[in-house]
Amino acid sequence: MKIVFVQTGKTKGKEIQKLEEEYYKRLGRYVSFQKVVVPDLKNTKTLREEEVKKQEALLIQKEFQPGDHIILLDENGKQYPSLKFANHLQQIMNRGVRRIVFVIGGPYGFDQTIYDAAQEKLSLSLMTFSHQIIRPIFAEQLYRAYSILNNDPYHHQ
């Protein structure tokens, strides 16, 4: 089992990067983990929003492999309490999926082709967060889920 985290563009801000990397390091104790950074598009000021999403989609799709379970972090996705999210991940793993791929899109979200490729959408809150700040928040939740599955004392009820 491998977790792949695909994000559009580098994480900006040293504090955000540091926090994100700390949780990725912790997560690595439980599961094979890979972060993939799809490069930011250049010269997008003259492009329409839909064209930006379409070009980002072409880069994101290159990271998908047959058999991946693709989960988009999306404001319209399903929300889980931490324990149920951990159980949901366990159910996916029990099906023998080799890779769970979580994707954070760019500032405009996803092109329809990415929605079509995904098995599900996940929302971390009813609030909207920037695609930069959601990265360490999600990394922490993923670490929390694996600590729950491994009966480690990180999560308190």
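Any Cβ shown, glycine's included, is placed from N, Cα and C.
For the S-adenosyl-L-methionine site that TrEMBL gives as GLY105, LEU124, SER125, LEU126, MET127, THR128, PHE129, the extra residue drawn from LEU59, LEU73, LEU83, LEU149 is LEU73.
Sequence-distant contacts (6 or more apart, same chain, Cβ under 8 Å) of GLY105 (S-adenosyl-L-methionine binding site) comprise THR8, LYS53, GLU56, ILE60, LEU72, LEU73, ASP74, ILE114, HIS131.
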